[in-house]
Amino acid sequence: MPKNSKAVKRELDDDVTESVKDLLSNEDACDDSFKKSSLIVNNHEGERKECDVEEGGSDGEEEERPAWNSKLQYILAQVGFSVGLGNVWRFPYLCQKNGGGAYLVPYLILLILIGIPLFFLELAVGQRIRRGSIGVWNYISPRLGGIGFASCVVCFFVALYYNVIISWSLFYFSQSFQQPLPWHECPLIKNKTSTYVVPECEKSSATTYYWYREALDISDNISVGGGLNWKMTVCLLVAWSIVCLAMIKGIQSSGKVMYFSSLFPYVVLICFLVRALLLKGSVDGIRHMFTPKLEIMLEAKVWREAATQVFFALGLGFGGVIAFSSYNKRDNNCHFDAVLVSFINFFTSVLATLVVFAVLGFKANIMNSKCVALNTNKIVSLLGNGIEPSLIPHHINLTLVSQVSAEDYKQMIDIIERVKEGQFHTLGLASCSIEDELNKAVQGTGLAFIAFTEAMTHFPASPFWSVMFFLMLVNLGLGSMFGTIEGILTPLVDTFKVRKEFLTVGCCALAFSIGLLFVQRSGNYYVTMFDDYSATLPLLIVVVLENVAIAWVYGIDKFFEDLKDMLGFTPYRFYYYMWKYITPILLLVLLCASFIQLSMTPPSYSAWIQEEAKEQTLHFPPWGIVVCISLVVMAIMPVPVVFGLRYFNIIDDGPSGLSTVSYKKGRIIKETARPGEDDDTSLIQGKSPSEQPSPMPGNSIYRKQSGSGGPDADTAPNGRYGIGYLMADLPDMPESDL
């Protein structure tokens, strides 16, 4: 027994028995029995049988639940899962689009009202029940057991296309070991008589051409498959091989990889920030980012997009958070973890935004300088032929075009525009503004593979920075992939008791096979389809049901008692009102807004038209719309199916039939219900045993810690030769509600 444990003395045939609740509240961090213990059953004939019971489990087969090697490893795993590609290429775009620095205000408010409470809820449930998403929600309410299956389906859908993005990053990483970089300039076509630039590249840009033609070799629309892109197929195979090898041993293997995959992106981001700040124009980008547009904050769309970003940034509803926390000690302070990881995620987004806008500010200055030089040459050619030389200020020397600054050019343009007025547009002169360049909002692949790659071509030692950048993207993606795959594997292993190694290999092989859909020439359009429709609505519905299951089905008061029992202190009352009222209402509003937005916007995608060398928005064909709807329906279908099967008693309305549950140090012991007892309990909603004495006093069921003595020490069924036995048939024995 831990030294700081409080003993509750009771006189019962001169035996001293520890209070179960005290044992639950005073878990020893170094107790080896945290992972494994023994269940000993003495029947009335004096026979004894012993079986190993897994903590949090309910069966009698021998098994151990893995545990994190350290708290740091666990925090890095949660940070790696929550901090992903969206922090680098989605958050900066939303910040720029929705009011600059002012966008941080609604984001922070919604992080506190939605993000942290729901993240804390998932951490607490996973840690307490020590099961994946299927087991957790099946225990909370068997009729809501479909929530866990829905999470698994969504995780699988997301994993299919998320690893494709990692494969794109691997391709660019492999191409970065060249000087100059292959997307530095447009390729040339040589024939017998002349040499000319590829028309598609000349109409767009070198980085845009390389992305769409060299990397993706994209088709003009989704209906034209075009066959497999072998380069991307090989990269996808490598990506799935990495994930498989990292996950094959569970958290024992993936936990070690987390030290690199979670920390390396921060090293790269800091290096990029320092380097970018030393470049001309970086301050312009940062100033543009933090200039608040307060009037935009009043728009409902800003709050909806902020809530959606908070929701997906923390990985809520995927099951990865629950899976990772299920390998924790049950007395771990998960409230501290929830707040810590949430704010690490937020500050990572801000850091990434600083880096992105510093680099884009540098790029905007370069593009602006090119614009000034080009249009100054136009002015020189128009002097005396549409523009009078007297309109040019005397201090500006047009004989040295390269020395004309952006300020000089702006002064010339203002004068010419005032004088010419109606004729100005016929001159074909551009305004050349840094603000205009920065307002060209880009996100996702457009930011990572076009805008950022173009900026890096102007860096000194550009191959080095390109290698670092794409290696960072690979690591950000892998951290999120580990959590996503864990959200699939852990529930299935817990539920169906299959070997994790075989399941991991089978899952990755199946995902790679289906993923070939995304590496054909039209694959990018399928990535867009899955990204838009396979996760948003299903995950929102899953998290709404999670919140309702805890707050209203299981009971918020019971849950608070369980948290107090597990953490050793009562959580702030703030969470009580959040979980019971505020968060469900906000989630329902967000769900309705997202549904309305999706239903009002016809399913469409951005296609690259090769002849015109530009993007064009196209609507999905009828079969594509059917696929979009099917993705949403398939992801949510497990919820009503399981509910119906339970409701109509087609399968047992409980995880393992009629049984009572006893706990000791966070372990769940399943006991067959005794005749005469009518304790209608489930594995999660434990109730106090019957007040009636057992009709078979010889059938005492108690627990012995593994390795705590030989058979001779167990001669007394009431455990009077040692502390740590739990008499399951003692009347008035306090038990946890969870």
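The first residue you see is number 1, and the count goes up from there.
Glycine residues also receive a Cβ, built from the backbone N, Cα and C atoms like all the rest.
Residues or ranges marked as transmembrane segment by TrEMBL: 74-92 (among others).
The Cβ of LEU476 (Na(+) binding site) lies under 8 Å from the Cβ of VAL83, GLY84, LEU85, ASN87, VAL88, PRO265, each of which sits 6+ residues away along the same chain. Sequence annotations record features per position, and here TrEMBL assigns Na(+) binding site to GLY80, VAL83, ASN87, ASN345, LEU476, SER480.
Counting same-chain residues at least six beyond the ends of the transmembrane segment (104-125), those with a Cβ under 8 angstroms from any Cβ of the stretch are 95, 136, 140, 297, 302-303, 306-307, 309-311, 313-314, 316, 321-322, 325, 334-335, 337-339, 341-342, 346, 350, 543, 546-547, 550, 559, 563, 566, 571, 575, 578-579, 582-583, 586-587, 590. What TrEMBL lists as transmembrane segment is 104-125 (among others).
Here TrEMBL flags 146-173 (among others) as transmembrane segment.
Sequence-distant neighbours of the transmembrane segment (228-248) (same chain, 6+ residues past either end, Cβ-Cβ under 8 Å): 163-164, 166-168, 170-171, 174, 215-217, 254, 257, 478, 481-482, 485-486, 489, 500-501, 504-505, 508-509, 511-512, 515-516, 518-521, 523. Annotated transmembrane segment per TrEMBL: 228-248 (among others), in sequence order.
If you look up TrEMBL, you'll see 257-278 (among others) marked as transmembrane segment.
If you look up TrEMBL, you'll see 306-327 (among others) marked as transmembrane segment.
For 339-360 (among others), the entry in TrEMBL reads transmembrane segment.
Summarising the annotation, TrEMBL assigns transmembrane segment to 464-489 (among others). Non-local neighbours of the transmembrane segment (464-489) in the same chain are 77-85, 87-88, 132-133, 151-152, 155-156, 158-159, 162-163, 165-166, 169-170, 172-173, 176-177, 181, 242-243, 246-247, 250-251, 254, 257-258, 260-262, 264-265, 268-269, 271-272, 275, 315, 318-324, 448, 452-453, 456, 500, 503-504, 507-508; each lies 6+ residues outside the stretch with a CB under 8 Å from one of its CB atoms.
Residues or ranges marked as transmembrane segment in TrEMBL: 501-519 (among others).
Taken from TrEMBL, the feature transmembrane segment applies to 539-560 (among others).
Distant neighbours of the transmembrane segment (581-600): 110, 113-114, 117-118, 300, 304, 307-308, 311, 533, 536-537, 540-541, 543-544, 547-548, 551; these residues of the same chain sit at least 6 beyond its ends, with a Cβ under 8 Å from one of its Cβ atoms. The transmembrane segment feature in TrEMBL is assigned to 581-600 (among others).
According to TrEMBL, the transmembrane segment annotation covers 620-643 (among others).
Positions annotated as region 'Disordered' by TrEMBL: 671-720.
Under the heading compositional bias 'Polar residues', TrEMBL lists 682-693.
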Subject >> Count of other CB atoms lying within 10 Å of the CB belonging to SER480 (Na(+) binding site) >> reply: 27
**OP:** Might you list, by sequence position, any residue in that chain lying six or more from ASN345 (Na(+) binding site) with a Cβ less than 8 Å away from its Cβ?
**Re:** VAL79, SER82, VAL83, ASN87, ALA313, LEU314
Subject >> Cβ contacts under 8 Å made by the transmembrane segment (539-560) with residues that lie 6+ beyond its boundaries >> reply: 118, 121-122, 124-125, 137, 140-141, 144, 147, 150-151, 154, 311-312, 316-318, 570-571, 576, 579-580, 583-584, 587-588, 590-591, 594, 636, 639, 684-685, 737-738
**OP:** Using a Cβ distance cut-off of under 8 Å, indicate which of 74-92, 146-173, 257-278, 306-327 has the most pairs with the transmembrane segment (501-519).
**Re:** 146-173
Subject >> ASN87 (Na(+) binding site), number of other Cβ atoms within 10 Å >> reply: 24
Original post:
Taking 146-173, 257-278, 306-327 as candidates, which has the most Cβ pairs under 8 Å with the transmembrane segment (74-92)?
Top reply: 306-327
Original post:
Same-chain Cβ contacts of the transmembrane segment (257-278) under 8 Å, 6 or more residues past its ends?
Top reply: 73, 76-77, 79-80, 83, 246, 348, 351-352, 354-355, 358-359, 361-362, 459, 465, 468-469, 471-472, 475-476, 478-479, 482
Subject >> Other same-chain residues whose Cβ falls within 8 Å of the Cβ centroid of GLY80, VAL83, ASN87, ASN345, LEU476, SER480, the recorded Na(+) site, in sequence order >> reply: VAL79, PHE81, SER82, GLY84, LEU85, GLY86, SER262, PRO265, THR348, GLY479
Original post:
Looking only at residues six or more beyond either end of the transmembrane segment (306-327), which have a C-beta under 8 A from one in the stretch?
Top reply: 56, 65-68, 74, 77-78, 81-82, 84, 86-87, 90-91, 94, 98, 103, 106-107, 110-111, 114-115, 118-119, 122-127, 129-133, 136, 148, 151-152, 154-155, 158, 251, 334, 337, 341-342, 345, 349, 480, 483-484, 486-491, 535-536, 539-540, 542-543, 546, 586, 590, 594
